[in-house]
């Protein structure tokens, strides 16, 4: 029975509740209430169902494996084709330049960067589920491949003695043999990365990237940006030495290359800043990399910088394609660990960027299918002397901002790269390498700006800030592959420590303890450099967007087993609440620990839409609140159509076990003496 004062404008007697029910044990509860038992299927039945085939199932499986069959028949030629063509041309020009530049990171001849910007796109066109990402090289992944290449084929392994006319011996490097070996290593790494990704997709292991939290990825990519900067610095200075010797040989810097590199960095950064600040006014971003490359090539050719100033130029870009080659299977044992790291990082980058644009344009991407798509793309491109592919945010942003609607834009961009491979490559041979290195450095700005996330993380969650810093330092000192592993282990250790420490003091009531470390709420509004899409959830939905209809009006999250939340979990929870708000489902949280609210406040979880009123002490409190709201709505709107004597809602309990939830149908007479049971990892629906 309910009694007491009112709440939320409802009837006065609905503001409190008194629960009166018999004392239940498991036996008499089962006798009094009907339980819907799920009979588990035998292994034979499951195999039979899996192996059974029908026309509908065959079509569904085919469309899953070849997503192009799903979206291409629905392609709107009149509306999308022109946009895709314009986008493909713009993206193709940028991809051509980035392919050349990122080949420097891998340590292979520049022409192989064009192959890496072309071949991976072809399989992804048929197999990928993202409509907007631009497939190809990415600086972090290229550097990871390059670290393997340089460690297995350093210059010292290819030194030869040469005699001159004076009879003195001189040590030279056999560049042809060195480059051939490095190309073989990079293509073998790409091939093995593809195999690993394909296996992950086939065995449905897409969940593995969930363990790569944003602080870990942020620290890792910042460390990678530092290593990219170091690797390109000697190219800008044209000092062929290691990092330690750069400052010793600083006097040998080539002035022509230094001036060209510094000017390129300055111009690219300024124009990129203009593109960012006036992106709403500029219909198409200024392709400054392409413009700088064309101008620099013309100046180098006209002034003959190589002969007059000994500038380092591209010199030779092969025309046409090379025949496919077999991977060096004997190297698999030496590169398996690095290939595993590259496979995970490349996939995580691609899926993260893909989800951003999938959310923006309201479609879904399949994580496991993305593993398969990139796996086959890397296997295919590895056979054609390419290095590992993923996507690049800057290149994808160009493809999307210039009007790209589907992967047709990707195929057109591949056609532009093809033209460069077949016909235009020779025109870029006078280009200075320092210009390409400077383009790479200019594109690192976003990664270095992630350092500004550390103070924000420290205010929100000190553990997440420590993960960021530890991963960054470990990746710089130990290398990218071992650094990523060390960061992952450290992140898992913080989870164990937070489960043990927080769960102990979290049971105490801190309501009457003074706040000894007050936070300044104004400082929590510092903008983050993470990739996010701001969506106006209150605006009208676009035409042809189907909003899912759900059979329940309220959702309760049982936080009884949640010991802590990190910043990623807070952002995910906020996204979940916003998504359910779009489909008119109210979300409530119950049985939370005291410190959870503090964490949410520090992470700017609450706003004008999400308030602390959605938190309840118990699940039963939340259920009665929902019932009060429904009764109040019925009283306010007598014309409201009743749907029967039962109300349906769902709750989700976060627990560590994997048992399926039990479903009970409770008679209406037992509304106020409900016994809750059915903890599981999936939502359980109840009828009251």
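Please read every residue number as a count from 1 along the shown chain.
Glycine residues also receive a Cβ, built from the backbone N, Cα and C atoms like all the rest.
Per TrEMBL, transmembrane segment is recorded for 110-127, 134-153, 189-209, 255-272, 284-303, 328-350, 371-393, 408-428, 435-453, 465-493. Taken from TrEMBL, the feature domain 'STAS' applies to 555-626.
If you look at the transmembrane segment (284-303) against the transmembrane segment (435-453), you find at least three C-beta pairs under 8 angstroms, all six or more positions apart, and that counts as contact. Outside the transmembrane segment (408-428), and at least 6 residues removed from its termini, the chain residues within Cβ reach (under 8 Å) are 75, 80-81, 83-85, 87-89, 91-93, 95-96, 99-100, 111, 114-115, 117-118, 121-122, 124-125, 134-135, 293, 297, 314, 317-321, 399.
Counted over residue pairs separated by six or more positions, the transmembrane segment (110-127) shares at least 3 Cβ pairs under 8 angstroms with the transmembrane segment (371-393), which defines the two as touching. Sorting each residue of the domain 'STAS' (555-626) by its DSSP state yields 36 helix, 11 strand, 25 coil.
For the transmembrane segment (134-153), same-chain residues at least 6 beyond its ends with a Cβ under 8 Å from one of its own Cβ atoms are 91, 95, 98-99, 102-103, 105-108, 113, 116-117, 120-121, 124, 128, 178, 181-182, 185-186, 189-190, 220-221, 224-225, 227-228, 231, 331, 334-335, 338-339, 341-342, 345-346, 349-350, 374, 377, 387-392, 395-396, 398-399, 410, 413, 440, 443-444, 479-481.
Listed stretches 189-209, 328-350, 435-453, 465-493 were compared with the transmembrane segment (371-393); the greatest number of C-beta pairs under 8 angstroms is found for 189-209. The stretch from 189-209, 328-350, 435-453 with the most CB pairs below 8 A to the transmembrane segment (465-493) is 328-350. Per-residue pLDDT, averaged across the domain 'STAS' (555-626), gives 84.
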